[in-house]
Amino acid sequence: MGEIRDIEKSTLRNLPSTATGPELSLQVIISAAASSMREMESDAPGASMEVYDSSDSSGFPFAVNPQEAWLPITESRNGNTVTSVFHLLSSGIGIQSLLLPVAFSTLGWAWGIICLSLAFIWQLYTIWVLVQLHESVPGSGTRYSRYLQLAIAAFGPKLGKLLAIFPVMYLSGGSCVMLIIRGAGTMELFFKVICGGEATCEEKSLGGAGWFLVFTCMAIALAQRPNLNSIAGFSLIGAVTAIAYCTLIWALPISKGRPGGVSYDSLQGKSDMSGICDILNAVGMIVLAFRGHNLVLEIQGTLPSSSKRPSKMIMWRGVTLSYIIIALCFFPIAIAGFWAYGNKIASTEGMLAAFFLFHGHNTSKFAKGFICLLLVINCLSSFQIYAMPVFDNLEFRYTCMKNKRCSRLVRAGFRIFFGGLAFLIAVAFPFLPSLAGLIGGISLPLTLAYPCFMWISIKKHQQKANGFMWCLNLGLGCLGMVLSVLLVVAAIWNLATKGLHANFFHPR
C-alpha cells in the first residue's frame, strides 16, 4: 500500500504546478487509479499489490499511467523488429518519392546525388536521436510514446505544444487528407486505364467527389482495428506495394528506352531570385520525400522494453533494416528516373505522370493498371498508420473526461467522424498538394531540427561529457530551422509567380 502512495505522490509531484487540460486529467486519473488500488488492497488484507509496467519483462516496479493501456498507440506492446520494419516502410515510402527526378532536373546529376545523400544521412541521424530519447531517463520506466509528449518533456508544456502541435497535426491528419486526394485520383486513373480510354469512360466515371468518397469509405472500413500493433498486417501490405511500385516505375522506363530529345542540363529560372527559389524548391522535394518522423516514437511505443533489453535496441535494428530498403527505393527512382526522362520530367508531376505521358502508348494495359492498383493499395495502407495518432488523441480526450476505456462503438464513432472530416477537407481543398511545399516547409523542423534541440534540452546535464554531440545537435538544429525558413520563402515566391488554382469544392 505504501508503494501505491509513493507512486501517486511522485507522479503528481513531477507534473507542472500549473497543470491544465491533459495534465490535470492525468492527475485525476492517477488519483482515481491509486484510490481504487487501495480499496482493492483493503478488501484483500493478505494480498500485496505493486504497480508494474507491463512492457518491462524484468519485473522492475515502475510508476505508470494506467491510461496508457486504454489508448491505441500504447494499448499493445507486443511488437518486434519485424513489425517495426513493416510500420517504418509503410510510413516512410510514399508518393512523394516519385518527385525525386523532378528535383534532379533542377539540381543536375552531381548536386542532386549529393543533396539526396546528405538528406538521407541527416534524417536518419534525427531518427536515431528520437529512438534514444524514447527512454531518455534510464531506470525510471518513463516512455515518450508520442512526439508531442517528448516535445513537452524537452521544451515545457507551453513551448512544446506551440512548436509541435501544428506539425504533428499536419503530418498525421493532413497526410490522411493528402492520401485521400492522391489515392482517389489514382483510383480514377485506374478506372480509365481499365476502361480503355473510350468515350463512355467520362460518362461512367464517378467524378472527383465520388472517387474521394469511395476511397474514404474503404479507408475507414479498414480503420476499425483497435491499436497500432494490430495494423501490422496493413503495414506489411503497404510496405510490399510501396517497394513494388517504386521498382516498377523506374524499371519499366529503362527497359523501354529514353524518349527522344532528352537533355540533362540543369533547369533554373532566368533571374537570380527565380533560380535560387528553383534550387530551394528542388531541395525541398528531396527533403520532404523522407517522411514518418512523427510516427517513430509511436512505433517504438508498441515494442516491449526492459532494463536488460530496452526498446531502443529493437527499434534501431528495425530502423536500420527499413532504411536500407528505403535507400534501395529512393536512389534508383531519382537516378533512373532522371536518366530516362531528363529535363522532360520537369513539366510533369513526377514519375507516374511522366511514365504515362512518354511510355503509356507502348505499355500494356495490365502493367499500367497494376501500377495504379499498387498505388491505391499503398495509399489505403498508409492511411491506417497516419490516422492512428489522430485516433489516439481523440480517445485520449474521451478517457480524460470519462475515466474509462473507449467502447467498440465509441471507437468506431471516432474513426467515422475523422473519416468524414478528412473527406470534407479533401473535397473543400482539393488543391492542397499544390501547397505541400509551403506547409511541408513549416513542418520541416519536426524532422530535421526539433529532435536535435530535444537532445540538447534533455541531455543538458551531460553537456560536458558529450561536447561533440552538443555542438553537432546545435549546428544541425539551427541549420534545420534556417532551411525551413528558406523553403517557406521559396514556396511563397513560387506561388506568387506561378499562381495557385484554388478550386474550392471542385475536386478533379
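Each Cβ is built from the backbone N, Cα and C atoms, and glycine gets one as well.
What TrEMBL annotates here:
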DOMAIN    78-492  domain 'Amino acid transporter transmembrane'
TRANSMEM  110-131  transmembrane segment
TRANSMEM  162-185  transmembrane segment
TRANSMEM  205-223  transmembrane segment
TRANSMEM  230-253  transmembrane segment
TRANSMEM  314-341  transmembrane segment
TRANSMEM  366-391  transmembrane segment
TRANSMEM  412-432  transmembrane segment
TRANSMEM  438-458  transmembrane segment
TRANSMEM  470-493  transmembrane segment
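When each of 110-131, 230-253, 314-341, 366-391, 438-458 is checked for Cβ pairs under 8 Å to the transmembrane segment (162-185), 366-391 comes out on top. Highest Cβ contact count with the transmembrane segment (110-131) among the listed stretches 205-223, 230-253, 412-432, 470-493 falls to 470-493 (criterion: pairs under 8 Å).
Scored by C-beta pairs under 8 angstroms, the transmembrane segment (314-341) has its highest count with 230-253, from the stretches 205-223, 230-253, 412-432, 438-458. Under 8 Å from some Cβ of the transmembrane segment (230-253) lie the Cβ atoms of residues 76, 79, 83, 85-87, 89-91, 93-94, 97-98, 222, 325, 329-330, 332-333, 336-337, 340-341, 351-352, 354-355, 358-359, 363, 367, 370-371, 374-375, 377-378, 381-382, 384-385, 388, all in the same chain and six or more residues away from its ends.
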